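Peer 1: Could you have a look at this structure, given as structure tokens, before my questions?
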Amino acid sequence: MFRNSVSRSLSSLRLSRSANATRPFSASISRLDGLRPLDVLSEEEEMIRETVQRFANEVVRPRVREMDENERMDPAIIKGLFEQGLMGIETSAAHGGSESSFTSAIIAIEELAKVDPSVSVLCDVHNTLVNTVVRKYATEEQKEKWLPLLATEQLGSFCLSEPASGSDAFALQAKAHKVGNDYVLNGTKMWITNSYEANIFLIFANIDPSKGYKGITCFIATKDMGIEIAKKEQKLGIRASSTCTLNFDDVRIPAENIIGGEGQGYKIAIEILNEGRIGIAAQMLGLAQGAFALSVPYTYTRNQFKQPIGTFQGMAFSFAEAATQIETAKLLTYNAARRKEAGLSFVKEAAMAKWWASKVAQEVSGNAIEWMGGLGFTRETGVEKFWRDSKIGAIYEGTSNIQLQTIAKFIQKEYTP
């Protein structure tokens with residue numbers, strides 16, 4: 001029954017957008033005097049939030065602990081995400097997607113992370129990285145072939161990082177050389193999200209090392225072309241989200257599977273990772289909210305010294321500080337999303353959102369364990385899982401130091417005489 005209700009909601013969303021194709025975002029929000037709050041949602045965005053909340057609470061939540069303990073994503077979750085239309089949020093209805101906004105995708109990522117950041121990042125990488133690359137850079141023929149698959153049935157993976165290229169992404173060593181109408185790919189990728197369950201892979205490899213990073217090219221491939229899962233990592237957090245090492249040993253990929261043109265991979269990676277950082281900010285934001293909502297109510301039921309521990313000034317002030325941190329992370333994240341959606345510059349804002357949301361997630365989830373005392377330290381409540389999951393926010397899709405470096409460059413450019 002739930003699946004049908006969500007599908008109907010997203011179907012009505014698509015119909016609404018089709019009937020009002022030229023309607024600007026602001027027209028779907030009630031008129032407000034003065035400035036519009038960043039977190040005021042359009043009708044379509046609110047519909048996304050409500051449906052994802054229901055899916056997360058009714059379908060994902062009962063499976064969270066088991067998936068974490070087993071370090072494996074339940075296939076029913078992935079199937080459910082596709083059935084709800086959450087794996088092609090920005091993809092056009094003509095290609096099987098929900099044809100919604102970038103901010104809608106950010107909202108979905110946030111809501112999933114309130115329950116399980118592992119499910120959230122699976123949805124995030126698929127939508128903000130894989131789908132976006134195909135939508136923005138693929139030819140019309142490629143879009144017709146790949147977008148319907150990505151929107152309705154096949155999980156995608158974004159393959160950039162390597163053993164010797166993490167923050168320095170363009171030091172990658174994977175190479176491809178042309179043989180007839182194919183490219184033959186050799187190399188290794190590491191820390192690849194979704195790769196264990198994925199069937200569609202975006203792979204970055206250099207077709208002309210003499211050109212340096214200008215030889216980097218993006219290929220789209222399927223697992224049956226010979227992609228080998230060499231190792232599935234055992235991680236501190238987001239355990240249900242697969243992170244694998246991939247080997248490419250003379251993998252033949254048709255030349256027609258190049259996305260964006262030869263030598264354009266570096267440009268694609270830079271632009272897409274800037275967008276992806278807003279997705280990670282949303283994941284960390286949702287994580288902080290999930291930890292807060294799970295822990296604070298307990299403090300008003302646990303009595304010590306004849307009063308609820310949550311009413312002691314020290315605890316109350318800690319809650320107030322955490323709530324303010326969460327709100328600032330939310331505003332930074334939504335501001336970056338709105339700027340991206342409006343076609344404004346957003347690189348600095350995305351870096352700020354990711355850096356701050358990652359810090360807030362780690363601090364709030366850590367405090368949440370302490371607020372619950374000994375109970376928070378057990379795996380029974382799930383609060384400790386939020387803290388374990390929070391650590392990755394400062395690492396993937398650009399470390400916290402990379403975000404600070406990006407912000408500092410904008411400051412230097414603005415204030416240098």
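Don't overthink the numbers, they just go from 1 along the chain as shown.
Yeah, the Cβs are placed from backbone N, Cα and C, and that goes for glycine too.
Quick paste from TrEMBL:
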- 42-153: domain 'Acyl-CoA dehydrogenase/oxidase N-terminal' (DOMAIN)
- 157-251: domain 'Acyl-CoA oxidase/dehydrogenase middle' (DOMAIN)
- 263-411: domain 'Acyl-CoA dehydrogenase/oxidase C-terminal' (DOMAIN)
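If you look at the structure here, what lies around each of the features I listed?
Peer 2: Per-residue pLDDT, averaged along the domain 'Acyl-CoA dehydrogenase/oxidase N-terminal' (42-153), amounts to 97 for this model.
Look at the domain 'Acyl-CoA oxidase/dehydrogenase middle' (157-251): DSSP puts its residues at 13 helix, 50 strand, 32 coil.
Helix, strand and coil residue tallies for the domain 'Acyl-CoA dehydrogenase/oxidase C-terminal' (263-411), in that order: 120 helix, 4 strand, 25 coil [DSSP].
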Peer 1: Looking only at the domain 'Acyl-CoA dehydrogenase/oxidase N-terminal' (42-153), how are its residues distributed among DSSP helix, strand and coil?
Peer 2: 86 helix, 0 strand, 26 coil
